[in-house]
Amino acid sequence: MPQAKLTDRFGRTVNYVRLSVTDRCDFRCVYCMAEDMTFLPRQQVLTLEEIARLARNFVALGTEKIRLTGGEPLVRKDILELVREVGTYGLRDFAMTTNGSQLPTMAEKLHQAGLHRLNISLDSLDSEKFRSITRTGNLQQVLDGIDAARDAGFRGIKLNTVVMKGRNDEEIPELIEFARRKQVDISFIEEMPLGEISEHDRGLALCTSEEVRDIIRQRHELIPVAKDSGGPARYYQMPDSDVRVGFISPHSHNFCSTCNRVRVTVEGRLLLCLGNEHSVDLRRVLRGNPVTDDKLQQAIIDAMDLKPERHHFSSNGEVQILRFMNMTGG
Ligand code: SAM
């Protein structure tokens, strides 16, 4: 039996896996996708059983934290079955990233199925701006989804906002007040150069975490939170609130030295780094004959040697990685 620990060449332990369950999405966020996307044919996409098998084997190798993502995980048919199954694996943390559009009808079912936490993307509180950023999204549906998640009993809710200059940076104070009112955490993300887009110039739109903090500090003191979240965000707290404010800063603060994560795309490609192409085709292993769990685990262990030391995103918006975030699994 392989050892129950995933360690890379730089001594980092990998205990967090993000599994993409679909490349499809009902939104077309301008920083994430091109307007006219072609999605994968079904036979290239892992079945829910294959995704569950991967999850189970990662857990056998010491994974404590799994996040389901995409694409939009809630548009994958029968997603609740996968959540129910992975919910039995005894994870310390079992989370999902969603755009929130399906939460009005699904939040309660997800909670009952054993999901621990939700990250919900929210880039604007203005319905027209929200529509222009997501291209197809309806703000009210997402706001109702956030309420549905709270009503369902989810406690670890976090909002994710990708900040773009001239687009939604003016809304930062309002988003902070919204998070405080709803008692949910919020993270501000620097836009990453993943996939080629023509809708805006990523270099010009980049709003650094430092700039976002300066805006928030005009109204609130931000006190760094010492505890490591186990993810890429650095957290702060305001003196008069329990709400945490996170910053994901792939440009201005490289989080690679403590990286504990890998991703699996919905095609079964194990990506060792968000900002590099190093990967291993686990679908080939899964669909090989015969495939034993030992063989699968050995392929995962061997892949750790490919995990690069760090990524190098440049801040001029130049594309370095051709895959879009919906393919990567955010
Ligand atoms: N559909 C879900 C959602 O909207 O949250 C999950 C998938 S989405 C790809 C995951 C996260 O990645 C979202 O918070 C989204 O805002 C973020 N994201 C997508 N493209 C990005 C980019 N180029 N730079 C930074 N964040 C990005």
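Note that the numbers count up from 1, one per residue, in the order the chain is shown.
Using N, Cα and C of the backbone, Cβ positions are placed for all residues, glycine too.
All annotation found in TrEMBL is predicted automatically rather than curated by experts.
Here is what TrEMBL records for this protein:
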- 9-232: domain 'Radical SAM core' (DOMAIN)
- R18, R67, T97, K158, R261, V262, R263: GTP binding site (BINDING)
- C25, C29, C32: [4Fe-4S] cluster 1 binding site (BINDING)
- Y31, G71, S121, M192: S-adenosyl-L-methionine binding site (BINDING)
- C256, C259, C273: [4Fe-4S] cluster 2 binding site (BINDING)
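Feature map: annotations from TrEMBL on the structure.
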{"residue": "R18", "record": "GTP binding site", "contacts (Cβ under 8 Å, 6+ apart)": "I66, R67, L68, T69, R261, V262, R263, V264, G329, G330"}
{"residue": "C29", "record": "[4Fe-4S] cluster 1 binding site", "contacts (Cβ under 8 Å, 6+ apart)": "N99, S121, D123, I133, T134, R135, G137, V162"}
{"residue": "C32", "record": "[4Fe-4S] cluster 1 binding site", "contacts (Cβ under 8 Å, 6+ apart)": "C25, L194, G195, F324, M325, N326, G330"}
{"residue": "G71", "record": "S-adenosyl-L-methionine binding site", "contacts (Cβ under 8 Å, 6+ apart)": "S20, V21, T22, D23, R24, C25, V266, N326, G329"}
{"residue": "K158", "record": "GTP binding site", "contacts (Cβ under 8 Å, 6+ apart)": "R117, L118, N119, I120, V184, D185, I186, S187, G246"}
{"residue": "C256", "record": "[4Fe-4S] cluster 2 binding site", "contacts (Cβ under 8 Å, 6+ apart)": "C273, E309, R310, H311"}
{"residue": "C259", "record": "[4Fe-4S] cluster 2 binding site", "contacts (Cβ under 8 Å, 6+ apart)": "R12, P232, C273, K307"}
Contacting binding-site residues for ligand 1, chosen from Y31, S121, K158, C256, R261, V262 when the Cβ sits under 6 angstroms of any of its atoms: Y31, S121
Taking residues Y31, G71, S121, M192, which bind S-adenosyl-L-methionine in the record, the widest Cα spacing (Å, whole number): 16
Separation of alpha carbons, M192 (S-adenosyl-L-methionine binding site) and T97 (GTP binding site) (Å): 17
Any further residue of that chain within 8 Å (Cβ to the Cβ centroid of C25, C29, C32) of the recorded [4Fe-4S] cluster 1 site: F27, R28, Y31, M33, E72, N99, T134, M325, N326
Neighbours of C256, C259, C273 excl. site residues, C-beta within 8 Å of centre, [4Fe-4S] cluster 2: R12, F255, R261, L274, G275, K307, P308, E309, R310, H311
Listed binding-site residues (M192, V262, C273), ranked by Cβ neighbours within 10 Å, top entry: V262
Averaged pLDDT, computed only over the residues in the domain 'Radical SAM core' (9-232): 96
Collapsed DSSP category at C273 ([4Fe-4S] cluster 2 binding site): coil
Cβ-Cβ distance under 8 Å to Y31 (S-adenosyl-L-methionine binding site), same chain, at least six residues away: V162, M164, E191, I197, H200, R202, M325
Surrounding CB atoms that lie within 10 Å of the CB of R261 (GTP binding site), all protein chains: 22
